[in-house]
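Engineer: Sharing a structure with you now.
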Amino acid sequence: MSLVNQTPQWQALAQHWERLQGVHMRDLFAEDPQRARRLSGEVAGLYVDYSKHRLTGETLDLLLGLGAAVDLPGWIQRMFAGERINATEHRAVLHVALRNRSNRPILVDGEDVMPQVNAVLEQMAELVERIHSGQWRGFSGEPIRDVVNIGIGGSNLGPKMVCEALTPYHREGLRVHFVSNVDASHIAETLKHLDPAQTLFIVASKTFTTQETMTNAHTARRWLVEALGDEAAVAHHFLAVSTNAEKVAAFGIDTDNMLVFWDWVGGRYSLWSAIGLPIALAVGFERFVELLEGAHAMDEHFRCAPLGESLPALLGLIGVWYTDFARAATHALLPYDQHLKYFPAYFQQGDMESNGKHVTREGETVTYPTGPVVWGEPGTDGQHAFYQLIHQGTQLIPADFIMPLTSHYDVGDHHLKLLANCFAQTEALMRGRTLEEARQEMLAAGMEPAEAEALAPHRQFDGNRPTTTILVDQVTPQTLGALIALYEHKIFTQGIVWGINSFDQWGVELGKQLAGVILEELTDGAVTARHDASTANLLERTLQRRA
Ligand SMILES: O=P(O)(O)OC[C@H]1O[C@](O)(CO)[C@@H](O)[C@@H]1O
């Protein structure tokens with residue numbers, strides 16, 4: 001296929017944006033009392049309001065036309081059918097199989113993957129039971145009290161985000177920690193408080209070659225063996241989750257203590273696999289299954305709903321509208337739930353590693369923006385930090401507000417205040433405040449007319465700033481599963497529209513390769529490779545100062 005921006009559907013959207021950019025959402029709401037009802041939907045416990053967007057029925061028709069032009073429905077079917085849609089790595093993309101609670105056969109090269117998926121789930125359930133019940137003993141016979149997940153990127157962010165999000169469901173008696181950074185402070189500070197005799201490490205790495213993870217795993221191993229005085233202790237204190245049995249065995253972890261997953265599970269889509277073991281340990285295996293169920297409900301919606309009713313597809317297409325036509329460079333994720341504090345970081349990897357691509361699947365350079373910069377913080381902290389720019393800055397920042405209607409913490413009127421803030425922000429971002437409104441408010445408060453006149457431009461807000469509001473009754477394993485799957489499929493939708501491969505990550509390779517060369521130089525104390533003048537100078541200076 002040629003570039004998507006050469007299609008008539010794209011051209012029509014570009015012209016449509018020209019016409020629509022002067023239109024204010026206030027007027028769209030005033031013209032259509034049914035707008036909020038029409039532009040919202042409910043799936044798998046999520047209520048999604050996408051009415052506060054700079055779009056009309058015509059915009060949606062054009063966007064859906066674009067989705068049809070790139071054969072989005074066909075690509076969805078290809079993913080669910082186990083086709084090798086990750087062409088640069090010759091892999092299927094089947095995180096949906098990991099949570100396929102219907103057990104419908106999903107074939108890769110003619111083989112149903114569901115029996116393997118179910119076998120690992122059973123293995124996880126048994127392991128969790130053994131650890132929770134105290135049957136699993138450490139080398140000196142003590143039960144496990146602390147679990148340390150050692151992994152990075154997709155082998156860290158997913159389980160860490162979900163464990164934090166489900167804090168109200170945590171079981172007593174077992175603490176789960178995460179170590180990812182190769183910065184020694186991360187592992188040193190984590191281990192400082194732990195008793196080796198009661199600590200279990202999960203070394204989580206799809207490849208089992210990642211420098212940071214292997215370094216941390218070796219440090220943990222040394223710490224354990226030094227404390228317990230015997231290499232044999234490793235078998236009692238280390239589990240591995242990986243696709244690479246050979247490397248696991250080479251590290252010294254008994255492959256009986258290994259949980260597998262498969263090359264058709266992308267790292268950033270792997271929390272549903274055995275990579276989710278820390279989640280099952282933190283909240284119990286039944287809750288982990290509920291998480292899978294929530295995601296499965298969203299998967300079924302994405303697989304079966306017509307594009308015009310598919311919430312992930314609609315959110316994806318609306319995202320394309322802003323990225324490519326309104327030229328918004330970033331997208332904010334703003335969860336109004338303290339325990340969703342890692343949600344933006346999780347989808348930084350999810351979105352930016354997936355859609356931060358500059359060539360199409362066929363290798364042609366794109367001439368339109370692809371994945372936006374994703375960022376965010378929980379409300380209300382964000383309100384007191386960066387919302388100023390979202391309200392009155394010169395950049396257009398579409399933002400998602402994620403709001404549970406009830407809290408797990410019944411404390412005074414905190415939650416009402418949180419709700420009020422969330423709704424107030426989206427209302428203010430949409431409506432803004434005109435110059436005249438700003439003036440009148442100040443005069444009504446008794447301000448001198450001259451001062452009111454001078455201040456009015458500062459207190460005026462354009463509004464017309466787009467937001468999506470996602471409501472859940474409560475953050476539960478099910479609603480969280482559905483929420484994550486919603487975003488995964490949104491990212492998929494956008495990758496298909498942009499014609500890119502959302503499932504490889506070649507962009508992280510070069511840095512890794514160069515780090516290998518530089519590490520050797522730093523270890524040997526001599527700069528021998530060819531570097532640019534800046535890097536060479538920095539390395540020389542580092543070597544001198546550390547000598
Ligand atoms: O699970 P692994 O193989 O250690 O990889 C960790 C992470 O590194 C990356 O390859 C990026 O460097 C991610 O895609 C992945 O999630």
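Cβ coordinates are placed from backbone N, Cα and C, and glycine is handled just like the others.
Per TrEMBL, the features are:
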- Glu353: active site, proton donor (ACT_SITE)
- His384: active site (ACT_SITE)
- Lys512: active site (ACT_SITE)
Engineer: State the Cα to Cα distance, in Å, between Lys512 (active site) and the residue listed as 'active site, proton donor', rounded to an integer.
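Structural biologist: Approximately 15 Å lies between the Cα of Lys512 (active site) and that of the residue listed as 'active site, proton donor'.
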Engineer: Taking the Cβ of His384 (active site) as centre, how many other Cβ atoms lie within 10 Å?
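Structural biologist: I count 9 other Cβ atoms within 10 Å of it.
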Engineer: Mind checking which of Glu353, Lys512 has the fewest other CB atoms within 10 A of its CB? They're the active-site residues.
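Structural biologist: Selected from the active-site residues Glu353, Lys512 on minimum Cβ neighbours within 10 Å: Lys512.
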